[in-house]
Amino acid sequence: MTEDSRTILLIGSGPIQIGQAAEFDYSGAQACRALQEEGARVVLVNSNPATIMTDPEMADAVYIEPIEPDAIAEVIEQEDPDGVIAGLGGQTGLNVTAALAEQGVLDEHDVDVMGTPLDTIYATEDRDLFRQRMADLGQPVPASTTIALGDDETATDIDEGALRERVDDAVEAVGGLPVIARTTYTLGGSGSGVVHDFEALVDRVRTGLRLSRNAEVLVTESITGWVELEYEVMRDAGDSCIIVCNMENIDPMGIHTGESTVVTPSQIIPDDGHQEMRNAAVAVIRELGIQGGCNIQFAWRDDGTPGGEYRVVEVNPRVSRSSALASKATGYPIARVTAKVALGKRLHEIDNEITGQTTAAFEPAIDYVVTKVPRWPNDKFPEVDFELSTAMKSTGEAMAIGRTFEESLLKALRSSEYDPSVDWATVSDDELAADYLQRPSPDRPYAVFEAFERGFTVGDVNDHTGFREWYLQRFQNVAAASAAASEGDVATPAALGYTNSAVAALASDGGDVAVDDVAATAPERTFKQVDTCAGEFAASTPYYYSARSQGSTGSDVRADRDAHSVVIVGGGPIRIGQGVEFDYCTVHAVRALREAGIDAHVVNNNPETVSTDYDTSDGLFFEPITAEEVADVVEATNADGVMVQFGGQTSVDVGAPLEAELERRGLDCEIMGTDVDAMDLAEDRDRFNRLLDERDISQPDGGSATSVAGALELAAEVGYPVLVRPSYVLGGRAMEIVHDDDELRRYVEEAVRVSPEKPVLVDEFLADAVELDVDAVSDGEDVLVGGVMEHIESAGVHSGDSACVIPPRGLGDDILARVREVTTEIARALDTVGLLNVQLAVQDGEVYVLEANPRSSRTVPFVSKATGVPIAKLAAKVMAGESLADLDASEGVPEQYSVKEVVLPFDRLPGSDPRLGPEMKSTGEVMGTASDPGMAYWKAQVAASNAPVPGSTAVVDLLVEGLGERFEVVTVKDVPAAIRRGEVEFLVSDDRDALTAAVEAEIPYVSTVAAAEAMREGIAAADGAREAMPVADRPVNDETWG
């Protein structure tokens, strides 16, 4: 068989969720390009419509289908692939490939597993097998033993005495408590943790046996407190191996690496220790027979010997979150090389695209420091304990590059956009030590700064945190620089990594200091190139980071300063309310500009995304998204304009201060598209309400209040219940439905702390209304409606958490015509140039406008996949000066139904409330498409792992006609207890305790009447044909909406 004739199946990772985020969109998109470069025909299957990799042009055939064996088997039947690459779709891709092999599907259709063999995957995921292989190799591993279910046992009916006896034996085998319990074949440390007492360990093992695909839990000796390191290794079929980089966690062992601040290259490991672990990493990857990228985790401690002591903790035989970080940190494209190695290419045969002179066989060398910090959703879940452990809770991460660790750390913290919201003045020294230093949490880095400002010593902080002294000395340097600023020394903190505006604010504590004064004396910010070789070869790829520390003079930026160029601001780290959808929009904007002959430069700091790939744009600037730093990029590139519409709230929020900063510097550069003031008008409820009133556009009664009394007065006028929320937020943060004065008073005084600078919005709650989302593009005159979506959930559930269907099912032509009319009026009233999202509600035949956002929305990718209309690309082109008429753009109404369903993180956040409401909680989404709306909904539930088995036992507490006929409905006194005993397999209820039990037991559930009615329709269609069809082949009518 020749290479050109091969058809390769690439399995994606599915929806964004905690433990598996956008890194697999990046790696999958890179792999698609790499395989096609080698002449392979690529078939891609993924369930996530928000990704670049599911664009129809990314592969020869793109299927948006559930990532589960039956759906993949149907695609295999249709496409007849020669091979499948499992290691590029995360844990989801590995698990489904293993299932297809076990079911005989791969053998039946002669599909080879390419790259890393399945036996190797089993050897790394099965902890006993892994321990034995390491022992054979002579590599030290933590003492461990496996607790497994017997042949006739299940996790719900295992004898309690037998379980306790096995746990007791396991504790004795590894040397006593504390221990680490790890669940096999799971994601992001799910079901894992450090356990200090026996009863907690029994509970953890019971949970782990239920979560594990092969019903096993590994109990290991605790190496908490050791240094955690990761080595990214690459190997080809010819046994050539290289180390891409090593990464060091600042947080000690006991905290998941996805939760830790991570630094590369390693700063504290002695060279002898590094060489020992480097040699071990190569020996391990060779012993296991891994081909392609691989991540090996070590624990290390200083035992007084030159090299210290290490343990091999685990191996990920696939591309991972750390692989994405390593790729962006070094410029070495791990996913691209992995894909080519899977085809049989040797490392020396694969070009290094950054240098253009070397190959993938050359190990990267870096002359800078990279720091990654996670981003947690603790603002969305105040009821959840965010103490960090071996199980992930973070949704995303930010990365920064600097010449020193201090500079890199400050840039990373700035990029994370995290506000600890701690009033340190109210925290005593004892509380600081016990609650913020000893207890690992998202606030801990900031607590370390605070401790040093109070005079804590390095030894004090080391005792409380376990952070190594080398790092603490650098934290202390940052704290000292902050103190120096207040005494008039502005050069030191600026050189260390503070922005001019931050230095001015610090210095103003000792007097009035202007940003111009700081800029005049602070070191200039210059741009350096990421080249994979520490300057040994000239780099041809424009991938940059800024530095302003000593020795950072001279800029490496090689932009054509005479060319028409634009800076596009990305979305930063993934968080709830601002997910990979905005990176999709950013990448489409880049592609649109490049198609138009305009240089496109991206400013972003998320290592997981396609927008931060080195060859996506004409210039990649890995920087925090602040007005000052974006303006520096504008100066370096001589850009004509900046686009802030595509990166979500992060990029929109920087628009006004950036406009002021550009004007302050006298730069001839504009914010392109919709005017910044129009964006503000749409977010300012009073101004927006007046705009709608002037045009006789219906809206819920209400307004904004700047005091408790004002809020109570508004609620009295509108009538309870009312919807309350702060202004200028994304994802419904702090939004609630309140029913009386007491609830409103509590909300205003405690939840948002209303003030004249922070008004609260009080609106009539439209109960039982049908909510709609509209995405549109305007060129300032004409308006193209990209799609109209009908929410499946009733009013009161945030649009980002509601399933929705396109085209709408229950709207008459008159309603659609009014929706179009209202959308067009708003677009023109706001002088919209670019994207516009309008959220509406229909009640008793009246169309009400809830809000409008003249920027990208989270539904843009879904609409584009459903209709085939590339609305983000169209928006970028009209922002660059083209008209919709010039572009010959047209609308399209799909013949099939597409349902977007959300994925919720409750299983990863113990203590969270699983009930849906006006505050957004979902992390990602899936899509189901079929000619029958019921089947589309059912496919979406399968993709979201929330599809019940018809005929299974169910508790139905919500009144939904006909749903119970599909199940064996049981009536129990204590529903949560029955669920935990395994007596309930599907739950229909809005009771928090019952829903929490369903989440813990991982059984399907619905919590609203609307979702239950949709599920009834889905189950009725479940036995029908799945209709797997490539995205590009889905039929669309050349019609207009309304």
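Placement of Cβ uses the backbone N, Cα and C atoms for every residue, glycine included.
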Completion exercise
In Swiss-Prot, ATP 2 binding by GLU764, LEU766, GLU771, GLY796, VAL797, HIS798, SER799, GLN839, GLU851 extends, among ARG695, ARG725, ARG908, to ARG725
Fill in the blank from the handout: By Cα geometry, the one of the binding-site residues (GLU221, GLY796, HIS798, GLU851) nearest ASN316 (Mn(2+) 2 binding site) is GLU221
Practice task
For the ATP 2 site as recorded (ARG725, GLU764, LEU766, GLU771, GLY796, VAL797, HIS798, SER799, GLN839, GLU851), determine the largest distance between any two Cα atoms, in Å, rounded to the nearest integer.
Solution key: 18
Problem - Residues of the region 'Allosteric domain' (948-1042) by DSSP state, where helix covers H, G and I - result: 36 helix, 13 strand, 46 coil
Practice task
On the DSSP side of things, how many residues of the region 'Oligomerization domain' (418-558) fall into helix, strand and coil, could you say?
Solution key: 72 helix, 10 strand, 59 coil
Exercise for the section: Would you find the one among the binding-site residues GLN297, ASN316, ASN853 whose Cβ has the most company, meaning other Cβ atoms within 10 Å? Expected result: ASN316
Problem - For the domain 'ATP-grasp 2' (689-880), mean pLDDT (0 to 100) - result: 91
Fill in the blank from the handout: Of the binding-site residues GLU221, GLU228, ILE255, GLN297, ASN853, the one whose Cα sits nearest to the Cα of GLN839 (ATP 2 binding site) is ASN853
Exercise for the section: With an 8 Å cut-off on Cβ-Cβ distance and a minimum sequence separation of at least 6, pull the same-chain contacts of ILE255 (ATP 1 binding site), or say none. Expected result: GLU228, ASN249, LEU388, SER389, THR390, PRO440
Problem - Long-range Cβ environment of LEU766 (ATP 2 binding site), under 8 Å and at least 6 residues apart - result: PRO700, ALA795, ALA841, GLN843, TYR848
Handout entry: Three-class DSSP secondary structure - ARG127 (ATP 1 binding site)
Key = helix
Problem - Surrounding CB atoms that lie within 10 Å of the CB of HIS798 (ATP 2 binding site), all protein chains - result: 22
